[in-house]
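Noted in Swiss-Prot for the protein shown:
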- G85, 88-89, T93, 95-98, 113-121, S125: 5-phospho-alpha-D-ribose 1-diphosphate binding site (BINDING)
- G85, N116: anthranilate 1 binding site (BINDING)
- S97, E231: Mg(2+) 1 binding site (BINDING)
- R171: anthranilate 2 binding site (BINDING)
- D230, E231: Mg(2+) 2 binding site (BINDING)
Amino acid sequence: MTITAQQALQRTIEHREIFFDEMLSLMRQIMAGEVSPVMTAAILTGLRVKKETIGEITAAATVMRELATKVVVPPPHDHFIDVVGTGGDGSHTFNISTATIFVTAAAGARVAKHGNRSVSSKSGSADALEALGANIMLTPEQVAECVQATGIGFMFAPSHHSAMKNVAPVRREMGVRTIFNILGPLTNPAGAPNTLLGVFHPDLVGILVRVMERLGANHVLVVHGLDGMDEVSLGAATMVGELKDGEVSEYEIHPEDYGLAMVGSRNLRVEDADESRRVLVGALENQPGPAREIVIFNAGVALYAANLVDSIEAGIVRARELVASGAARAKLDEYVQFTRKFGGA
């Protein structure tokens, strides 16, 4: 079922839903550059004001996945995971999700991380990996080779979503959050079936776990720290939406339930990508402090999402062992060295 841009705009103004098939059609038009910048901005604003529905987000993500340049990672996919955040939480912490992938891969998971440069933070995942010396400008085949060899592949979002070129100038000029801010984490080009997904707003926990269910995901934990972080937090309880065995559940976890001390996110803030690198490496080198503890907490949840352990508690125990033994730091070095064989810094 098709819908014109004008009809879609009218629908959003009236706070009515754009149905799934209509949203598929609309997104294909927008991504093909068939909708003018003015109408695109108006529709994106209308969706934001009325609040995007599960169906609208699912349809938009479906189109983004269709158009993405894929990374083909051979099975098995039981322990294949993305650890990703929407960003936009304004916390300016070091790159926690990037540190987490090295612990997760050291445990035997395969991680296909989908990320970008910083928009609002001091250091996006692409910035963090480049600061660590990794070459992130790889072809899809090279990314797949990285995953096979090291257990980690990084997919630089602009390299895999070329259709975004028709939307990027509009988003840049608008300068406000739109549906595209939440589509990135839903559109992993390698199709990782398991995900630890951090979100910037509590309302997104229940919404995005149900979107991931509709998109056919396997095991997903969508998290939001009640102190505002788009990570599993040490500073407050963390809301969790979990998809497992086809069932969705929602609950809260608290650091003290796992024997972890509470620490405010201000203790994890950094000024730039270089400081983020130093803090990240220190955490993986088992230097005591809040950075190490939050990486262990997030990695524990990621190991559970990757089906390597049966509980978050067991994941935290395993993550602590991997950091203490040096395995996580060794995985970082292995990954960086492997990417550099393709050229780059």
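Glycine is no exception: its Cβ is also placed from the backbone N, Cα and C atoms.
Keep in mind it's a predicted model, so treat the numbers as computed, not measured.
Everything Swiss-Prot records as a feature, shown here on the structure.
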{"residue": "G85", "record": "5-phospho-alpha-D-ribose 1-diphosphate binding site", "CB count, 10 Å": "27"}
{"residue": "T93", "record": "5-phospho-alpha-D-ribose 1-diphosphate binding site", "CB count, 10 Å": "25"}
{"residue": "S97", "record": "5-phospho-alpha-D-ribose 1-diphosphate binding site", "CB count, 10 Å": "26"}
{"residue": "H114", "record": "5-phospho-alpha-D-ribose 1-diphosphate binding site", "CB count, 10 Å": "26"}
{"residue": "N116", "record": "anthranilate 1 binding site", "CB count, 10 Å": "16"}
{"residue": "R117", "record": "5-phospho-alpha-D-ribose 1-diphosphate binding site", "CB count, 10 Å": "17"}
{"residue": "R171", "record": "anthranilate 2 binding site", "CB count, 10 Å": "18"}
{"residue": "D230", "record": "Mg(2+) 2 binding site", "CB count, 10 Å": "27"}
{"residue": "E231", "record": "Mg(2+) 1 binding site", "CB count, 10 Å": "29"}
Nearest of the binding-site residues to S97 (5-phospho-alpha-D-ribose 1-diphosphate binding site) by CA-CA distance, picking from N116, R171, D230, E231?
E231
Where does T93 (5-phospho-alpha-D-ribose 1-diphosphate binding site) sit in DSSP terms: helix, strand, or coil?
strand
For G85 (5-phospho-alpha-D-ribose 1-diphosphate binding site), the one of N116, R171, E231 that lies nearest, given that the binding-site residues are compared by Cα:
E231
If I take the Cα of T93 (5-phospho-alpha-D-ribose 1-diphosphate binding site) as reference, which of the binding-site residues N116, R171, E231 has the closest Cα?
E231
